[in-house]
Structure formats: structure tokens, C-alpha cells
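Quick look at what Swiss-Prot annotates:
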{"type": "DOMAIN", "residues": "29-292", "note": "domain 'CoA carboxyltransferase N-terminal'"}
{"type": "ZN_FING", "residues": "33-55", "note": "zinc finger"}
{"type": "BINDING", "residues": "C33, C36, C52, C55", "note": "Zn(2+) binding site"}
Amino acid sequence: MSLIDWFAARRKDQFVGKVSQDTEESDGLWVKCSECGQVAYRKDLISNFNVCSNCSHHNRINSDERINIIADKDSFKEFDDSLSPTDPLKFKDRRSYSDRIKESQEGTGLKDGVITGICSINSMPLALAVMDFRFMGGSMGSVVGEKITRIIEKATIENYPIVIVCASGGARMQEGMLSLMQMAKISGALKKHRAKNLLYMPLLTHPTTGGVTASFAMLGDLILAEPKALIGFAGRRVIEQTLREKLPDNFQTAEYLLEHGFVDVIVNRKELKSTLTSILKIHGVKDLMGAN
């Protein structure tokens, strides 16, 4: 390496943010892909939906970014944005649950780990729930469960299709049984939605695990997933220790689940809106003006 090349490399390193799978943790002008190592200009990465242009790795994005990808501009109307979790069990491990809630709220600007509302997608109505992994690992507590249940009930009344973007570590242990009962509550609401022959599509993103996978994430009429998303119930290590055998390298990935029939289609983030639009049209969803 020449002296000029060495200085150029050093200068470039000064502008490369922290290497992380979550680009939100990087504050530099440049971001290094955690999958292939390609360095990209942060602004270009964002304009490409936070998908690496070299290897198509899907970086984690927040709930607002998800909504902007799916919903028509300025069409999203949020519901139940005032609901906030409490600490009924006075749970404490190394820290109190109340402190963890406060930290997550201050760090994300969210009240809890999901945003719900009604929007349009290419002029067709859609009920939308988007989980946010930044808030306590996207864990499902009583507020998350209540907000998702309410938006499903709203969709059932209004005869709207619904999409739930899943990103979760599972049930929120700090709420105990109050968290676990959300699995049944949401599933019951979805059954009523299905009884009216309305369309429900979950989008499984990285990661979707635990009680979310064991309930509404797998109840869709069509189950969509992002490429290489981690999808499962228990962790890989737990399963290997239980079965006492080595699992395939691609076990619990979207591709593995597609091959084995648990996922219907893997959708690149850049094609998500057009894919959802096509599915809605095939299922006869009319636009807001009444046309097909």
C-alpha cells in the first residue's frame, strides 16, 4: 500500500460510523454493512430503504420508517397513541420494570413497542400495526396486545384488511401472565376478522420470536417475511440442547421456513408496497374512491 492509499484509508475510517446491524446506532457519514463489510454513504443507504446495495442485507429500521414505506404519504392516522404501560407486578430484576419503561420511552420517543392506525396504500384502505424492536426488544406486553387487538377490531368493523409488521423477542416477562394472555386475546380478535372473510397479512421481520411467533405472526392468510429474517419460537441453542443434535446453518431463517411451508413469500423491502398492493387487488380490495 502506498503512502497516499494509507492516508486515504485512514481518512475514510474517520467517517465510518460504528459497525452495527442496526444503522440507527451509527452516527457517522458512512455505514459499514454488518453482513458483507461494504461501506456505504449513510444517505444512500437510507434512500435504498436501509438495504445494502452490495449484498441486499436488510438492516433493521424503526416503526416510522416502516410506515413511510407502506403507507401513502400523509395518509397514516395513528390510534391509541396515549396508551402507556404500567408496572402492576412491581417487577424488579437488576433494575425495576418502571425504570426500563422510562428508559425505552425516552430513548425511542414511543409509549410502547407498537404503533397502530389506519392508512391508505396506493389509495386502498389498510389497517396497520408496526412493532418496534427498539422498545424493550419489541416485547409484547399488555399495551402492545391491547393496541393490536383494538386495531384488529377496528378493521373488522370497517371491513378493512390488516397488515401487522412483526419484530419481537416475544412476550414481556416483566408482566407475567398479563403478557401471555395477549396471545389469546389477539388471536381471538383475528378469528372474528377472518369470520368476515377479511384479509390479514403478517410481515415477519428480523427478529420475530417467542410468543409473537406462537400467536398472531403465524395466523395470516398470507405470511410474508423479509429476506434472512430470524423467525422462531425458542432460541437455537435451547433447541440444540433439547434435541441433542446440530441444526442446519440456515435454521430459523425466512428462507428455511419458506422451504418448509411456514412462510408463503419472501419480499424484498424495496418491493413490499407493490407486493402488498397486488395482493390486495387480487383479493378484491377497492380503493377509497370505490374503484377496483
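Just so you know, glycine gets a Cβ as well, placed from its N, Cα and C.
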- Fewest neighbouring Cβ atoms within 10 Å: which of the binding-site residues C33, C55? C55
- Query: Near C36 (Zn(2+) binding site), which residues of its chain come within a Cβ-Cβ distance under 8 Å, counting only those 6 or more away in sequence?
  - Reply: C52, N54, C55, H57
- So, by DSSP, how many helix, strand and coil residues make up the zinc finger (33-55)? 6 helix, 4 strand, 13 coil
- Starting from the Zn(2+) site formed by C33, C36, C52, C55, give every other residue of that chain whose CB sits within 8 Å of the mean position of their CB atoms, in sequence order. S34, E35, G37, Q38, S53, N54, S56, H57
